[in-house]
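Here is what Swiss-Prot records for this protein:
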type: COMPBIAS; residues: 1-11; note: compositional bias 'Basic residues'
type: COMPBIAS; residues: 565-575; note: compositional bias 'Pro residues'
type: COMPBIAS; residues: 576-594; note: compositional bias 'Low complexity'
type: COMPBIAS; residues: 613-625; note: compositional bias 'Pro residues'
type: COMPBIAS; residues: 670-680; note: compositional bias 'Pro residues'
type: DOMAIN; residues: 17-262; note: domain 'BAR'
type: DOMAIN; residues: 276-469; note: domain 'Rho-GAP'
type: MOD_RES; residues: 241; note: phosphoserine
type: MOD_RES; residues: 262; note: phosphoserine
type: MOD_RES; residues: 539; note: phosphoserine
type: MOD_RES; residues: 545; note: phosphoserine
type: MOD_RES; residues: 586; note: phosphoserine
type: MOD_RES; residues: 641; note: phosphoserine
type: REGION; residues: 1-24; note: region 'Disordered'
type: REGION; residues: 1-275; note: region 'Interaction with CGNL1'
type: REGION; residues: 470-689; note: region 'Interaction with CD2AP'
type: REGION; residues: 507-689; note: region 'Disordered'
type: MOTIF; residues: 611-620; note: motif 'SH3-binding'
type: SITE; residues: 312; note: site 'Arginine finger'
C-alpha cells in the first residue's frame, strides 16, 4: 500500500507546470493537450468574473421587477424628491424642476432594474454554470481517468512480477513446488482478469474525457460571447438612460426658458476677472489696463499711500473675498473698500499671482535673470530696458502702469515704511516666477536663488521707473472710477502760514541759582564730618542731542500699546526752531531751602534734564583751634583744603552743567578732578582735643 502511494506521489511530482500528466498525455494529441491546459484558467476566470459582477448589482438578486425596484437607491432618491416638492409651490421654478427630477429618477430606477435582470439571465447564470458545473465535470472526469490509468499501470507491474515468479518456480521443480506453482498460476490468472477489467474502464473513461474536451473546444467561442454580451447589455442600459435624461432636460429647459429671459437673469453677466489670462481679460472687457490693477491703484492713491506696511500686512480673508467678488460683479461699488487699503493691496497681489502667465512673461524669464546678474549698474539698466521693449504690448502697458504707481508709493517711504526693496520683496514673486518644471532638489534650490534675482529686478524697475518707462501717466484710464481722486500732498508753505507759531520758552539764557551750602550739625564728630565730606561716585553721563532725545521718547511711546489715532488729513507742521531745554521749575513759597536736593516728578523723567556729573559743593568747615607744634617734629604749614579752594569753581561748573547739558559744553575742557580731604594725623587730633 505504501509503495502505491509513493508511486502516486512520484507521478504527481513529474506533472509539469503546463498541466500535462503522464497518465493522460499518452492518450491525447497535441491539439487536445492545448485544450486541456485551458480548462483550469477558464474555470478560475468564470468564477472571479461572476463573483465581482454579482457585487455590482444594486437590487435584490433573483427578485421580481417590483421588489427589485423598491430596493434600488435611485428609487429611494425619487421618493425623497416626491416628498420634498409637495411642500413647495408647484408653479415655482424650483417646484417644477424637483417634480421633473423625481420622475426621471423613477424612470432611471426601472431602467436599472431591467438591466440587472437581463444581466443575471444572460451573463451571470451562464458564467455560474460554466464555473460550477460544466468545467468542474470535465476536470472531475480527468481526475478519474488519471486514477484509472495509475491503477492499471500498477496492476500491470504486479502481473509482470507474478508471471516472473511463476516462471522461476517451474524451473526449480520438485513435489512440494507443484502446489506453489498452482497457487502462483491462479494468482496470475486473477491479475490478468483484473487487468482486463481496468483496461476496459480506462478505455471507457478515456473516450468520455476526449468527448468532453471536444465539446469544450467547440463551445469555447460561445463562452467568450458571455463577456461580449455583458458589454452589449451595459451599452443598451446607458443608451436608454441617456435618452431619458436628454428628453427630461429638453423639457426642463423649455419650462424655464421664460425664467431665464427675465430681467433679473439677463443682467450684466458675471465676468471672470481672476485666473484669466491678461490678453483674454483685456479683449473681453475692451480695456488697455486690467480692471483689478486700475481699480486697486486708484483706491490706494485715494486713501492708502501713507498706510504703514502696505502690501506687507495681510488683510482679513472674508473682506478680501468680498472685494474680489465685488470687483468681478460690480466694479462701480468699490468705493466702500477705500477704508481698508490692506484688503485692496491683497486683491492686487492676488490678481497678479493668479494670472496663468506672469505679468513679466515666462518667455523672457531667462532674459530677466541675465539682466539681473550684471554687476555694472549702467549695463544692467540698459539690459532691463531692452527686455522691457520686447514685452508684449498689453504686458508692457500694465507693467508700466504698475511701476509708475509703485514709484509713487516708494516716495512715501518715510511714512509707510515701504522702500523699493521692501516693495520688491513682497511683489516680486507675484510679477515673475520660473516656469514649472518637475525636478530634483537642485532645481528647487535654483528656483529659490532665482526668486532673489527677481526681487533685484523689480527693485531696479521701481527705482528707475521714470528712465525705463518715460513720460507722464494718467492713472484713471477708463474713467469709471471718477469718484476716486488721488490724495494731494499739502504745501508746506501753506501749512506753515495756516498754523499759528508756537512760542517755546528759552531757559538756556537764564542762569540757575546756585544752591547755598548747608551747614553741618554741631553734634557731628570730626571723623563723621570727614567721611561726609568725601565725594560720592557719580553715575556716568551720556550726552545726547535734543534730536536723539526726541527720537528716543518717540520710540518708547511707539513700543507701548495705545489705541490707533485717527488718520491725519495733512502732515504735521515743520518746527521753526530747534528744541530748547524745558523751563526751570519754580519752588513754591515756604518750601525747603534751595540747598536741599529735590526729586523730579515722574512726568519730567525722559526729558532733557539730566543728573549732574559733579558732586554737590561741600559745606565750609568750622574754625579749628590752632595746632600745637610738636617739639620733635618740624613745624609744617597747614595747606588750605582743596575742597574749600575749589568750591566756587564747582558751583559755577554745576550751574553751567545744568544749563548746557555738561561741563564740556561750557568751556570745551574736561572738569578738574576734585581731591578728597586728607585725613589728619591721629596724634594731632588727640592734642587738639
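Backbone N, Cα and C define each Cβ position, glycine as well.
A C-beta separation below 8 Å, combined with a sequence spacing of at least six in one chain, links residue 312 (site 'Arginine finger') to 418, 422, 426. Sequence-distant contacts of residue 241 (phosphoserine), defined by Cβ-Cβ distance under 8 angstroms and a gap of at least six in the same chain, are 108, 111, 112. Per-residue pLDDT, averaged along the domain 'BAR' (17-262), amounts to 82 for this model.
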